[in-house]
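Student: What Swiss-Prot shows for this protein is this:
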SIGNAL    1-25  signal peptide
TOPO_DOM  26-580  topological domain 'Extracellular'
CARBOHYD  ASN214  N-linked glycosylation site
CARBOHYD  ASN300  N-linked glycosylation site
CARBOHYD  ASN330  N-linked glycosylation site
CARBOHYD  ASN369  N-linked glycosylation site
CARBOHYD  ASN396  N-linked glycosylation site
CARBOHYD  ASN478  N-linked glycosylation site
CARBOHYD  ASN568  N-linked glycosylation site
TRANSMEM  581-601  transmembrane segment
TOPO_DOM  602-608  topological domain 'Cytoplasmic'
TRANSMEM  609-629  transmembrane segment
TOPO_DOM  630-640  topological domain 'Cytoplasmic'
TRANSMEM  641-661  transmembrane segment
TOPO_DOM  662-822  topological domain 'Extracellular'
TRANSMEM  823-843  transmembrane segment
TOPO_DOM  844-921  topological domain 'Cytoplasmic'
REGION    896-921  region 'Disordered'
Amino acid sequence: MGLGIDPSVAITALIVVILVVPMDCQRPQLVNIGAVFAFDSVIGRAAKVALEAAVSDVNNDKSFLKETELRLLMEDSACNVFRGSFGAFELLEKEVVAMIGPISSSVAHTISDIAKGLHFPLVSFAATDPTLSALQFPFFLRTTPNDAHQMSALVDLINFYGWKEVISVYSDDELGRNGVSALDDELYKKRSRISYKVPLSVHSDEKFLTNALNKSKSIGPRVYILHFGPDPLLRIFDIAQKLQMMTHEYVWLATDWLSVTLDSLSDKGTLKRLEGVVGLRQHIPESVKMEHFTHKLQSNRSMNAYALHAYDTVWMIAHGIEELLNEGINITFSYSEKLLHARGTKLHLEKIKFFNSGELLLEKLLKVNFTGIAGQVQFGSGRNVIGCDYEIINVNKTDVHTVGFWSKNGGFSVVAPKTRHSQKKTSFVSDEKLGDITWPGGGREKPRGWVIADSADPLKIVVPRRVSFVEFVTEEKNSSHRIQGFCIDVFIEALKFVPYSVPYIFEPFGNGHSSPNYNHLIQMVTDGVYDAAVGDIAIVPSRSKLVDFSQPYASTGLVVVIPANDDNATWIFLRPFTSRLWCVVLVSFLVIAVVIWILEHRINEDFRGPPRRQLSTMLLFSFSTLFKRNQEDTISNLARLVMIVWLFLLMVLTASYTANLTSILTVQQLPSAITGIDSLRASEVPIGYQAGTFTLEYLTYSLGMARSRLVPLDSTEEYEKALKLGPTNWGGVAAIVDELPYIELFLAERTGFKIVGEPFMHRGWGFAFKRDSPLAIDMSTAILKLSETRKLQEIRKKWLCKTNCAGKSNWNPEPNQLHLKSFKGLYLVCIAITVSAFLVFVLRMIRQFVRYRRMERTSSMPRASWSASPTLRLRELVFDFVEFVDEKEEAIKRMFRRSDDSNNNPSHVGEVQADTEVPRN
């Protein structure tokens, strides 16, 4: 009995079966993969063996590609771009699905472009150039870490030992240049840098290498980073030995090229030349696969990490091919339409085929994840293999031994990374350590890694050539041009505590007419023009970003200085006049007293009497003119004339004195409007600052003061002048803002000023060095040691306490005191009239005395005989004149009248003779 099936249903079922049930494609019997690399190279010789072994193992594993055989086709690039490119095209003609290699980074750049154009995967096991990026070369993969990863390990090693500056020696090709560029980037992250670069060509002769290394010796750092391709000759170390650069002062760090080279050497005697060199070696974890591979190739002792990566690369491509075949994708090839247009040329590019599923194979390779003999094979971002640890190797005279391990997340340790992970440690930064290292010269003590200076190349130190406050630092203005000052002495004394010799020279900076700008000083240290700067340099954040400062050797802070009011008002009544004017006024009273007494003595009874009475009358008369009308009246016209002028002068003096004293007392009672930086900031008065210092930057940017308010000043003389002029006069200021050491020196030399408010913006003075200079740390330690002695106080006393160290100012005469020159005109008039009156009086007395002497000669009255000696006669004459002047004017006139009457009436001759002798009162 047959089944009745509807034909339409049968057809539908057949279609569903065809669409749903997968059909296995015909697996190819043979799949070609290509390899382009330098056969006759340190890496190439080992890699060739590893590649052949890998293909053999893949084909022997029947559970893997099943009946498909993997065939390896190899072309020798000879580290040549042209030969490498030609070899790549040769392989493409033979229908390869993927290509392995090359070793050379320069060849890798070219073949990566070919892979990009023809869409086939290119997998390198040794091209470590970090610029071979997935963005630029999307079909390029590598199963070895790039140099950026290796440089990260090397920089951690540099940072582990505290070195900040290095010299890089590298091959002048893509590998060397781009590797050192990655090193520079990693060093920058650690605040370190490459001080000098030595590019070397593979064709450089011994003379060139010698000159290049010899030139680098003049640079301070002694840490050398070597980055080349493997060099079996190791010429660089022979030359370094000849130049005595393999001593205890030097550090030689090599990337993994050295370990690859050493693994290929059969003569261990070569190690003697490399004593103390430290390098990196890719860490290959122990595994069963590794043991099996090592046992299989035990006859080949030149095997290295890159050869192991080559072995894993073959397996990785095999995994990708297996994934493609399992998905039923056929291995097919096509001619490139672009290359078909080249038909007929001698290059025969039309024969080149490309794999149709190249992009799919690339996707499968990127998803590969298996454990190879070199470790885990898995790609991360940037299409670089994930994870790679390094061994830190050290060369002694007889062997190469491992002193530790490095991992990206774990840092350094003497325990292998696999062991640490098994102990479930997640952070090893605090436990970082390495084993004992033999350094160049055979020592175990870590080299300092740099030389500050030597006699041939001393430390160049720039110092400011100050023209004000020269006690701190300046250049002597004589033939010696010696640099001296407080800061210089501190530096020299601190340098004695540095545990090594530092030859140095001082070079002054500035035009000698004004103090230099200290920011320019710092910038020159940053730019490498000078190695350090010594002087009164304030440590401020903007400068600390450019240079490294030592420990402050002097504490500073900004302070506000204003004119001071004297708190002691005991002698305030003397301030309106200068001391010179007071002396002149006092002398004037005495002179007027004497002149009036002389003019009034003969005719005024009030000015006669005993000498004591006359002296008191004379002084009281003169000084009482200040306060009230005199009891004694002047009689003579000459005395009245003198008194008129004197009283006028006295009136002007009194009025001026009263006005000035009132002003002083008023100001004395008014409190200063400026009490500190806050009140100064709130006001609009002009402010002085020292030109060239950071004060201007702080006042404008930090406190927001208008630049128009700020007046640059450059010396203590300008400070004093500006403060005395005050804010109302052009060029004057209400206050000065400056650092405390300058102000202390200013107050020690200039009095009449004071500090108001508390110091602010507390900073210090330090010595500036180039960034990451080790001398900055050693000088800081030296300054701390110096401060524990009395030497720092002695230096301060020597330079800053020449006048006084009290820091408090004494009173200075008022700026608006009245001087003698203010009354010079009045005094000249008074002196002229007084002298004239006195001369008139004297002439009158002489005339009367002459007449009196004639009367004596014509009279018959006997008189004393004259002395024979002229001197005695002159003295007698003077005494007679004084006695004559002392007589009353009335008696003299009466005598003269009687003499005149006797001449007219002879009868009176006897009477006159009787009265010829002048009466004495």
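A Cβ is built for glycine as well, from the same backbone N, Cα and C atoms used for every other residue.
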Student: Note the mean pLDDT of the topological domain 'Extracellular' (662-822), expressed as a whole number.
Tutor: 84
Student: Taking only the glycosylation sites ASN330, ASN369, ASN478, which one has a CA atom nearest to the CA atom of ASN396 (N-linked glycosylation site)?
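Tutor: Considering only the listed glycosylation sites, the nearest one is ASN369.
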Student: Please report the three-state DSSP label of ASN369 (N-linked glycosylation site).
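Tutor: Reduced to three states, the DSSP call for ASN369 (N-linked glycosylation site) is strand.
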Student: Based on Cβ pairs under 8 Å, which of the stretches 609-629, 641-661, 823-843 lies most in contact with the transmembrane segment (581-601)?
Tutor: 609-629
Student: ASN369 (N-linked glycosylation site) to ASN214 (N-linked glycosylation site): how many Å between their Cα atoms?
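Tutor: Pair distance, Cα basis, whole Å: 49 Å.
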Student: State which of the following glycosylation sites has the fewest other Cβ atoms within 10 Å around its Cβ: ASN214, ASN396.
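Tutor: Relative to the other glycosylation sites in ASN214, ASN396, ASN214 has the fewest Cβ atoms within 10 Å.
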Student: Hey, which bits of the same chain come close to the transmembrane segment (609-629), Cβ under 8 Å, at least six residues off its ends?
Tutor: 589-590, 592-594, 596-597, 601, 643, 646-647, 650, 654
Student: Could you give the residue numbers and ranges of same-chain residues that sit at least 6 residues beyond the transmembrane segment (641-661) on either side and whose C-beta is under 8 angstroms from one of its C-beta atoms?
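Tutor: For the transmembrane segment (641-661), the sequence-distant neighbours (Cβ-Cβ under 8 Å, at least 6 residues beyond its ends) are 572-573, 575-577, 585, 588, 592, 595-596, 599, 625-626, 634, 816-818, 822-823, 826-827, 829-830, 833-834, 837.
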Student: DSSP on ASN214 (N-linked glycosylation site), three-state: which is it?
Tutor: helix
Student: Quick one: Cα separation, ASN330 (N-linked glycosylation site) versus ASN478 (N-linked glycosylation site), in Å?
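Tutor: ASN478 (N-linked glycosylation site) has its Cα 94 Å from the Cα of ASN330 (N-linked glycosylation site).
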Student: Secondary structure at ASN396 (N-linked glycosylation site) (DSSP, helix/strand/coil)?
Tutor: coil
Student: Could you tell me which three-state DSSP class ASN330 (N-linked glycosylation site) falls into?
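Tutor: SS state of ASN330 (N-linked glycosylation site) = coil.
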Student: How many whole Å apart are the CA atoms of ASN478 (N-linked glycosylation site) and ASN214 (N-linked glycosylation site)?
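Tutor: Distance between the two Cα atoms comes out at 40 Å.
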Student: Within 10 Å of each Cβ, count the other Cβ atoms, then let me know which of the glycosylation sites ASN330, ASN369, ASN478 comes out lowest.
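Tutor: Among the glycosylation sites ASN330, ASN369, ASN478, the sparsest Cβ neighbourhood within 10 Å belongs to ASN478.
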Student: Of the residues in the topological domain 'Cytoplasmic' (602-608), how many are helix, strand and coil by DSSP?
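Tutor: Tallied per class, the topological domain 'Cytoplasmic' (602-608) gives 3 helix, 0 strand, 4 coil.
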Student: Per DSSP, ASN478 (N-linked glycosylation site) is which: helix, strand or coil?
Tutor: coil
